[in-house]
Amino acid sequence: MNISQKIVSVRGTQIGGEQPCICTPIVGASMEQILSETEEVCRKRPDIIEWRADFFKDIYDPQKVLETALAIRKIAGEIPILFTIRSEKEGGNPVPLTETEKIELFTEVCKSRLVDMIDCELLYEEELASLRQVSKEYGIRMIMSYHNFSSTPPKEELVQKMLQAESYGADIAKVAVMPASPQDLLVLFQATQEARSQLSIPLITMSMGGLGVITRLAGWMFGSAVTFAVGQNSSAPGQIPIEDLKEVLHIVQKHMFHG
């Protein structure tokens, strides 16, 4: 399949091209913390910033969420913004919202066009179609994701999750798992490579924790389009400081492509 079919372009950033994108999370609890963190992160020039709104203490107030999104946009400029409410079940911070209220908030954020992408978990199966319709209408790219913080499921199951995301209309499929052994890392890499050959959309995969660090450094070689790095504060175990990640990617690519 032509690689151009697998590229998603957001504000000029190519997701799914030859180079992996670096995404850095924003995890502040207050608007003040979020904006301070955004300024610090943007100075380090990530390709994408992810606002983990499940850490925002005022997430129950849609107006405050939109005000904060606007303030983030003003700082981020043309850096693409990914809006995420990670569920507690999939490793997120507990939030005082029902599943319906979360979908309503995603909808309002899409309508505001203050962000470029949203990440919605595959577990919202019934709501995904209507949210996909809204995101398309307002030009917001949609990542559909699966996170397992306890284990690494078999390769076939991981590939199926990514195929499921594409069948639901995702622009990008994401899988994150927890390894218990180096063998689990191979499972993740094999699933990534296999899904890459079957999907017509970009995919993002990683193993978490210290053992999974290698997947954040080398996942792009198997087909993962984005890797997550720490700008100021981590949103998941095993994330690497953005400076270190950029340096390692530079060294590996320099010797891979230039001998």
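Any Cβ shown, glycine's included, is placed from N, Cα and C.
Using a 10 Å radius centred on the Cβ of ARG216 (3-dehydroquinate binding site) and all shown protein chains, the other Cβ atoms total 24. Annotated 3-dehydroquinate binding site per Swiss-Prot: GLU50, TRP51, ARG52, ARG86, ARG216, SER235, GLN239, in sequence order, evidence recorded as sequence analysis.
According to Swiss-Prot, the active site, proton donor/acceptor annotation covers HIS147, on the basis of sequence analysis. In the three-state DSSP classification, HIS147 (active site, proton donor/acceptor) falls within a strand. Taking a C-beta cut-off of under 8 Å and a sequence gap of six or more, HIS147 (active site, proton donor/acceptor) has these contacts in its own chain: ARG86, GLU90, GLY91, GLU121, VAL175, ALA176, VAL177.
As annotated by Swiss-Prot, active site, schiff-base intermediate with substrate applies to LYS174. Annotation note: LYS174 (active site, schiff-base intermediate with substrate) sits in a strand segment as assigned by DSSP. Around the Cβ of LYS174 (active site, schiff-base intermediate with substrate), 24 further Cβ atoms fall within 10 Å across all displayed protein chains.
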Indicate whether TRP51 (3-dehydroquinate binding site) is helix, strand or coil by DSSP.
strand
Provide the three-state secondary structure of GLN239 (3-dehydroquinate binding site) computed with DSSP.
coil
C-alpha spacing of TRP51 (3-dehydroquinate binding site) relative to LYS174 (active site, schiff-base intermediate with substrate), in angstrom:
16
Which of the three DSSP states, helix, strand or coil, fits ARG216 (3-dehydroquinate binding site)?
helix
Cβ neighbour count (within 10 Å, all chains shown) around GLU50 (3-dehydroquinate binding site)
26
